[in-house]
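The following features are taken from Swiss-Prot:
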COMPBIAS  64-81  compositional bias 'Low complexity'
COMPBIAS  154-173  compositional bias 'Polar residues'
CARBOHYD  Asn10  N-linked glycosylation site
CARBOHYD  Asn194  N-linked glycosylation site
CARBOHYD  Asn316  N-linked glycosylation site
CARBOHYD  Asn837  N-linked glycosylation site
CARBOHYD  Asn967  N-linked glycosylation site
CARBOHYD  Asn980  N-linked glycosylation site
CARBOHYD  Asn989  N-linked glycosylation site
CARBOHYD  Asn995  N-linked glycosylation site
REGION    26-83  region 'Disordered'
REGION    95-218  region 'Disordered'
TRANSMEM  646-666  transmembrane segment
TRANSMEM  686-706  transmembrane segment
TRANSMEM  721-741  transmembrane segment
TRANSMEM  759-779  transmembrane segment
TRANSMEM  792-811  transmembrane segment
TRANSMEM  892-912  transmembrane segment
TRANSMEM  919-939  transmembrane segment
Amino acid sequence: MDCQNGRRANRTVRFARTAESRYPERYSYEYDPEETLSRAAPSMRNAPTIPPPTASGADEMRYTASRPASPARPWSPTRAADWVRPPSAAASYYERADINGSPRPGTPSSRYGGSPRRPLPPAPLFSKPGTTTQDTKIDIGDGEEDPFGGGGRTISSRHGPQGSVQSFTSESTFIADETDLEKVDLDEYEEESNETKSMVDPNLHYGPAPEKQSRRGVRNAQMAKKEVQLVNGELILECKIPTILHSFLPRRDDREFTHMRYTAVTCDPDDFTQRGYKLRQQIGRTMRETELFICITMYNEDETHFTRTMHGVMQNISHFCSRSKSRTWGKDGWKKIVVCIISDGRKKVHPRTLNALAALGVYQEGIAKNVVNQKQVNAHVYEYTTQVSLDSDLKFKGAEKGIVPCQVIFCLKEHNQKKLNSHRWFFNAFGRALQPNICILLDVGTRPEPTALYHLWKAFDQDSNVAGAAGEIKASKGKNMLGLLNPLVASQNFEYKMSNILDKPLESVFGYITVLPGALSAYRFFALQNDAEGNGPLNQYFKGETLHGKDADVFTANMYLAEDRILCWELVAKREERWVLRFVKSAVGETDVPDSIPEFISQRRRWLNGAFFAAVYSIVNVKQLWKTDHSLARKILLQIESVYQLLQLIFTYFGLANFYLAFFFIAGSLTDEKIDPFGHNMGKYIFIVLRYACVLVMCLQFIFSMGNRPQGAKKLYLSSMIVYSIVMAYTAFCTLYLIVLELMAKTGHDVPITMSDTLFVNIVVSLLSTVGLYFFTSFMYLDPWHMFTSSAQYFALLPSYICTLQCYAFCNTHDVTWGTKGDNTINTDLGTARIINGSIVEVEMPSEQLDIDSGYDAALRNLRDRLEVPDPGVSESQQQEDYYRAVRTYMVSVWMVANVVLAMAVSEVYGVGSSGTNVYLAIILWSVAVLAIIRAIGSTAYAVLYLIQKLVEGKAKFQAGNIASANASAAGSSLGTKSNVSYGSKGLNMTDRINETKWAISRGMQKAMFWKK
């Protein structure tokens, strides 16, 4: 019967088309404006009214008990075939997983204009089994409750009344008989006649092209004007989260899980608390103390970088909650942690990053406003406690993967005002409101290991004098370590490793780490606060944001390119305090490093200039250390560190000359025909060619650096780096060849000529103190694999680090920008054309002929009188730029002349063949050895202290385990039960001892497996 009904309906439609095309005068319809349509009016005029179908025309409407708010549309035959099988009544309510079981973006309900053939999204992997959708139903506010909160009422709708809820019963959907026919576009059918084609108006305009492809089951959000009560004159909204997100949340017992809070902030971050703004952690049932405040700053990074960092933070929060025996943390430890995500510029944020935030429930489109109560909005603050996480593969992770709730604050700044301003929002606005104990700073793209944040927090918990802590930054080597095939990535991997093995431990022993990396660092919030007069670390830290005009001299501007170094110095040198900085090697974070030459040079320009000027600042102000409350021993150590930094600064400044002189004396030793390894005096010719090539590239380097950006001169910089690598390789070959000759002579072999004992000792000591100590300390820290995979690339690019990077940095000291920020000011001095109605605008213009004539007369009078036009002068910004460039020129000239004079003087005093009596070469080699030995001593001291600390902690845990075991045994004896089998007399049962042994073995294997590092 259903098949016959379907064929009859299709024949009816075909008959209607044929009849209408042949007899158009019989088929004229009148439009009834009182008729209620469930959809938008069709583009064709005189649309017919079609009564509802009979029982034979379509199946009766069926409602599903489990989805009362999403009824399915009735099935009806299509025009493409005689008969189509209707959908099965037992069809599943869940479709296949999109990627990993994550919910589809569409709303599969006819209530929202969705497709009737689109089933419901799949059940998430972490949804509770056995629960139905009735348990997760929430009211979306059909006139009863406003989803935006505040009890506002709808004023008007942009789209007018909508009837999509009743679309499945609309009278305009079905055909009752042959007299009530649907008017259709006849161009869609092949059987239409030429007469029918002539009915179509060729000039008919269908409107503009759609901006994007329409998706089945997805409808655009429909906006409506509402009245919302302002809170203290500010806009604060409580918005319901999406229904599909709410449906699979494990916890829905509090408003922080079911509503997202939006606040439009119209003040400066320094006035956030004074203006009465409050966060969720300060109001109502969510009023809590904040122990850990995590800041994630981002600019325009995509969703992959964001989810990598955010998922790592969520894993760390889960680790905090897993420490059930901790006095601070435990099952509800997430309530003491707040994650603050700050995006620098609403126009700069990546759209897919906003999509990732929306998937977590933190962000909703269409809520933010530019102006509130005639005040411009400076930041949009979204607050939500999310219970799901997205990993870097965009797969949802929930409670089944150990993810716990996370309190998130998303601050979307209206304008791009650089990273320093983002930190001002974090510390001065949200930090003052929450008053946290510890603040952790992260950059988007850095993936902290699951226990990294706990180890950072533990450093503050164990020592009350710690004001800041730095984690170990590890370079990302790509999948299967394929990134090491890129020499840039490999050299940076070696540099990061040796810095974490030699430099950071040494500075940690002294108590002053020159820089806490913004990618992974932590601060004690109390230590950062200013004094009563407003002077202190934060005041100095944020001074770089407000430098303008005469105050922004080149030295200060470049110094604040590395403002985190200034903050570290101000903490250690804080008056009448005894704060120290620590390096936490167990807090590891992985970050991406530049893999292209332009990106690499641009990054190091800011690092080198900031580090150089910040080091000068700390050395000049070293006397501030004597006004602190440090012990005498600590003050002496800090003075020694200042001397060490001064030596490093001198070597950095004369790096060009020292590199050239080392090549000149070592490679020049092979110009003697007696020890020429190539014969025919080839050693001399090779030395001459490489010498002039090296000098030529150094000269060209200044032209490249002053006249070209790295992005526009990639091949030039690549060529110079290749030449430097060849020079370095030949110098290394000459060094090894001379050492082999000397060793052969000392063992009795007949060699034509030997080095002097002094030169031999100098070279050997220098090599052993660098390469030898690199191997020794790497094996001491059980992390030697970078010596085999990345050391060759690093030493090959070492001249480029010294020459190319340093030259580009000094030649661009006038560039003190972090990025580009355009001028977004709109000038209104000419007036505006205000739209009145449609294409009619209101403008100001001369209204009478007399006004036009007076303007003409004024022009003629000015020509006759020859009035002098006042000179506008040079703008302040142009004066500042000229000043920066002039100082840059003086600075580069002095630096270049100093290096050239040093190289020429030493090379003239000591010739090529006088290496044995070369005092300057001996000073250079022994200075390198002394500095390397100091670093090795500091690294060894840090390792010893770290080992002692772990032994003390292990002993304390062991004793606590003995006490707990004794108490358990006593309790078991009193109850007449037998306790666990003990292992020896140590108080540990067999199971605990086996578990501890397994853990120790596993930990050792993880450290030994280089492919996981």
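Quick reminder: no glycine exception, Cβ is built from N, Cα and C everywhere.
Ranked by Cβ pairs under 8 Å to the transmembrane segment (686-706), the stretches 646-666, 721-741, 759-779, 792-811, 919-939 are led by 792-811. Residues of the same chain lying 6 or more positions beyond the ends of the transmembrane segment (919-939) and with a Cβ under 8 Å from any Cβ of it are 501-503, 505-507, 509-510, 644, 647-648, 651, 658, 661-662, 665, 758-759, 762-763, 765-766, 768-770, 773, 776-777, 780-781, 906, 909-910. For Asn316 (N-linked glycosylation site), the number of other Cβ atoms no farther than 10 Å from its own Cβ, over all displayed protein chains, is 25. Highest Cβ pair count under 8 Å relative to the transmembrane segment (792-811), across stretches 721-741, 759-779, 892-912: 721-741. Asn316 (N-linked glycosylation site) falls within a helical segment according to DSSP.
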